[in-house]
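Asks: After the structure tokens below, expect a handful of questions from me.
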């Protein structure tokens, strides 16, 4: 009886691993276990079912005809086979498909090999949907309700950011746009200038009105101009560059990839990707966040966004790129790695975006950025559009713009480098040994109804403080640079969802992260850089919502007291009397002015082309040491350096100097002391 028993299409008296008998027309092809119910229609009565007919049976995105679109873009592809034939889950290359291979369609989603998308046979899904570029037109794919819920959430979804009660006040923020022939701003998401498909996705994201930075950046980019934009943190900078570049992609279609010599695996599949848009950002969390936003607005389009960053499996990132890459979001280090491996070419880049450019330079990425922009195959500055976005643009970053941008528009929305008036700032005098008890008082007072973000300076303190809070029955988790990428992503997800409403973080999470519904930011340890303080508290009060920021201050933080007072006054916040007192008694300390002294000078957010020193020539490093008293960058006196203005808070100024807190990297012994490591 067992000899005649068949389960589905698998016969017990026929070994699938034994030598095959002579071909028989009565035997059906092997069907994987998870497909048997669908293919057999639940036929378990012993009758062998007919094999499925050859030809495209399962719809787009299916590399071997399984359900639900199959393993998208060739997930089971066998890289060792010359034709990229599929293989089984155990790596057995003898597993043959149960349908005839479909011919490569050169018209599927934008010509073979375009943008690193490799015609894997039948219009595989691109981007967050399966739109196509065909006959010079953008054809959006069908709606996908499950993916829509994942990307855009349900109405009133607490994990998705909505505009707050003060969002309309953004219209009162002053805007400075400098440059010649600046395009007029737009006041709504309309066509023109935006593409209709992008407008549909913007509506799905529940965006009603463009923010000030978007009102100006959309027409500027759509008119082909380079842009350097500064705006309040949380004011929509990501949309400011994604909206125009995606809209133009939908209107203009893909660019053909250059012919490759022996670089194809077959059937149009290429080894090297040719993205048309490149977005560089400093941290893993920020590039992941930008990628998530790009997926939203590329939904149902032909554009396929990809993300690459260090600290994650490079193999999975390579497979993602091989399935198609039109818009690439990357950290500089990992991008250089992939360029060296020959897996990404920048020759097709139309749009280069540098997000949080000042932080990338602070983190030491300038050599990699210059290599990417100037040392590889990226088009010349005159043959691409370059956009720089950040919440602060000090003078040295504006000098970098001289090399990367052409005839750019400088856009300053609000007083950049300042804080939002939507944030209520409180400064408490707390000695180090009292911080834990004061923190518990604050948490008991405010409760855990909203999300609370606590910033500390060291990784050890992040772990120690989160353990302490857990022992005090507060649901807390920590995120810092020593945690693995998976641990960091899990901690952020638990925080975003509200399952763990207290997050203790180092500076790794301070800038750029858009975490909805953070109602309270606590600076347990104040940073030494006032710009870091601005970006930390900018995690609350986003998109017009209100928030609270509390800072623990003591005499160990007197290096930032002057900048902190200016910041509080600027945002119309209460200035505690102890801050004024410490500022008066500590006049010898001065303000450090940020990392290496490049922080909040009086002109740190102005277009340097309009200042007296102009943009002419690199800074003068001769004449004295880096910290010559009075000179901006050691140019030898008051206004003689090429930046044309002394630092705001002297004490050595610039990159160092003789004052006690004169600068981060100068000669602590002063200009007459022994030479420093510079």
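Backbone N, Cα and C atoms are what each Cβ position is placed from, and that goes for glycine too.
Pulled these features from Swiss-Prot for this protein:
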{"type": "BINDING", "residues": "231, 232, 233, 234, 235, 236, 237, 238", "note": "ATP binding site"}
{"type": "COMPBIAS", "residues": "62-73", "note": "compositional bias 'Gly residues'"}
{"type": "COMPBIAS", "residues": "112-130", "note": "compositional bias 'Gly residues'"}
{"type": "COMPBIAS", "residues": "587-600", "note": "compositional bias 'Gly residues'"}
{"type": "COMPBIAS", "residues": "611-641", "note": "compositional bias 'Gly residues'"}
{"type": "COMPBIAS", "residues": "649-667", "note": "compositional bias 'Gly residues'"}
{"type": "COMPBIAS", "residues": "668-678", "note": "compositional bias 'Low complexity'"}
{"type": "DOMAIN", "residues": "218-411", "note": "domain 'Helicase ATP-binding'"}
{"type": "DOMAIN", "residues": "422-583", "note": "domain 'Helicase C-terminal'"}
{"type": "MOTIF", "residues": "187-215", "note": "motif 'Q motif'"}
{"type": "MOTIF", "residues": "355-358", "note": "motif 'DEAD box'"}
Asks: DSSP helix, strand and coil counts for the motif 'Q motif' (187-215)?
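Replies: Counting residues by DSSP class gives 13 helix, 0 strand, 16 coil.
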Asks: So what pLDDT does the domain 'Helicase C-terminal' (422-583) average out to?
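Replies: Averaged over the domain 'Helicase C-terminal' (422-583), the predicted model reaches a pLDDT of 84.
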Asks: Around the C-beta of residue 238 (ATP binding site), how many further C-beta atoms are within 10 angstroms, looking at every protein chain?
Replies: 24
